Amino acid sequence: MSESKYLGVTPPISLNPSSAEEEAISLELLAALEAEGQFESVDESRNREVVLGKIDKLVKEFVYKASLKHRMSESLARSCGGKIFAFGSFRLGVHNTGADIDTLCVAPSHVTREDFFTIMVDLLKGRSEVDELTPVPSAYVPVIKMRFGGVEIDLTFASLQQPTIPDELELLDTAILRNLDEFSIRSVNGSRVTDEILRLVPNVTSFRLALRCIKLWAKRRAIYSNSMGFFGGVAWAMLVARVCQLYPNACAGSIVAGFFRVYVKWPWPKPVMLKMIENGTMHLRVWNPWIYPADKAHKMPIITPAYPSMCSTHNVSMSTKRIIESEFKRGEEITTKILQGEAKWTELFEKSDFFRRYRYYLQVNVMSTDVESHNLLHGFVESRLRQYIIKLESTGLVVVACPYVKSYDHEYACKSDEDLERIRQGQLPTTPTASDTPDPTTVVDKGSEPKQDDGSSSPVAGTEKKAFTSAFYVGLLLDKEIGRNSNGKRRLDISGPTHDFIGLVTGWDTWSNEGMAISISFLRQSQLPDEVFDGLPRDRVPSTLKNGSAKSKKRREQGKEDGASATDRSAKKAKVAMAVVPSTSGVAVVVAEPAAKTDDVEKEKDAEDVPKPNVVATGFAAIAAPVPPPPKQAGIKLKLL
């Protein structure tokens, strides 16, 4: 315990030990997590140790080669050392089957980040056990993502201000931060924060079991992703650690229930902290909303305990905040029932209803003609998608723009240039297809077994062209009132955010007009591809999110009185089906809505906002040079009929 006799910034809520009933519930939680495969086998654990050992040797080889590049003698280069540190869920002891390992490559002062993203990447390319290699040097914490020996690895980099890196080096001493750049400080703090979290929890055993539960829940509910604007692993760990401080003698089941009780009522943006923020002696910037406007803008701040303290949740947007809060509420309701014996832990772990929750979606498709370029493009778009979300929110038309935390990835073998061009424009097959070759593989999903076709046709081997695609999804909840005219019809204009985001992607220094493409489609829920439902029903579920005031109902009724009949609307949709409307901004608006049946129209009549067209925004990627931002009078205007 600290000098104040307790861990944390406030006294505990309760010092009482858990009851026999709560201990029994914890045993049920342990059994549920085991049934969910949250504990890896002995063989998997050994493989992780082997992989980390190989990476450690590779880091030393990297430092050696980088030292030679900087004109050191061979003997001196060999003595420079280098070390790898594991942190995150692996270091916390809560990793499960298939989980990635967060690692840090520490090098001496003369080795640069540029060396890391060139020499180290080249070394990894030469290893047969490495695949899905994706360097992301532009990330908030620059990282190399890869799969090494079947284990997903996130490798970050820090260059310390010392000539050698011995094997016995530790990172706890804040003196190692002296004269480091901002990127190295962020990287080093990943390891320092993990060790500090373990030091600040009163019962590590209860903490680990409770954190396993929360991590599984967050992943199933699709709110586990720092890059997409939700919480990452370290943020969830700090939230659980804080509850452990508030209930220091509680068992894991009680900690989980307390987790939801605490955070469903948390007064954001009040920060969650495990200890008071240290100012330190190095004059490094620490999180301080009273001094820094950017820190004041953080919506759900969770502050790291290691100096210099930072906000681990700076990516949270208004939309993702609303989603996280709604999931806290759901979790609190379920865990209350579990404690009362009225529910099971499996209810808490039910999969997200993301693709059944919203009426409208944006589909962001990116495509490349070779796998290495696509891995780079995928990482870049994933790290920048939240900027599109923020700009959509700023229009005032979108109440919630919620990204899905994973992409849907495919590899296509195209029979012709026309097939390739359709994919470039975002027109992906409903069921992925490809040319038939002596190798029957037609579509390869990342992390899955190849799918087989029927071999009914066989063009000449080697004539097909490859296309690698990734589809990201954003669920939209639109404001009921804004944009509606006197006839009750609505117009949604998201041309500004769409142009800006496409321009951001195509302005990336690695972008290739010939080998890459991006398209953005506006879809109704019924137009989503089958793969996103994973065999589950398509039926929409009632949303718990509000999207307008009570005045909207009166306006919708007035709109229905003044609007056309269901038959007229159906005829109008048939007339505009598959029409292509060019715009002066270099972006095409493609209306691709099949004529609706009368029954379908009747079902939609009472909807608060019904955009009939499916709109695809393309253009930047289809021309030789980036198009400048469109004038205010031009752009994509989606008319919601």
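Placed from the backbone N, Cα and C atoms, the Cβ positions cover glycine too.
Straight from TrEMBL, the features:
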type	residues	note
BINDING	F87, G88, S89, D100, I101, D102, D154, K215, Y224, G233, V234	ATP binding site
BINDING	D100, D102, D154	Mg(2+) 2 binding site
DOMAIN	8-201	domain 'Poly(A) polymerase nucleotidyltransferase'
DOMAIN	206-351	domain 'Poly(A) polymerase central'
DOMAIN	353-534	domain 'Poly(A) polymerase RNA-binding'
REGION	427-462	region 'Disordered'
REGION	534-573	region 'Disordered'
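Cα of D100 (Mg(2+) 2 binding site) to Cα of F87 (ATP binding site): a span of 11 Å. Across F87, G88, S89, D100, I101, D102, D154, K215, Y224, G233, V234, which the record gives as binding ATP, the greatest C-alpha separation is 18 Å. Taking D102 (Mg(2+) 2 binding site) as the reference point, the binding-site residues whose C-alpha atoms are within 10 Å of its C-alpha, out of D154, Y224, V234, are D154.
Just so you know, of the binding-site residues D100, D102, D154, the Cβ with the fewest other Cβ atoms around it within 10 Å is the one at D100. Within 10 Å of the C-beta atom of I101 (ATP binding site) sit 22 other C-beta atoms, taking all shown protein chains into account.
Of all the binding-site residues listed here (F87, Y224), the one with the fewest other CB atoms within 10 A of its own CB is Y224. Same-chain residues that are not part of D100, D102, D154 yet have a Cβ within 8 Å of the Cβ center of the Mg(2+) 2 site turn out to be G88, F90, I101, T103, V143, K145, E152, I153, L155. Computed over the domain 'Poly(A) polymerase RNA-binding' (353-534), the whole-number mean pLDDT of the model equals 81.
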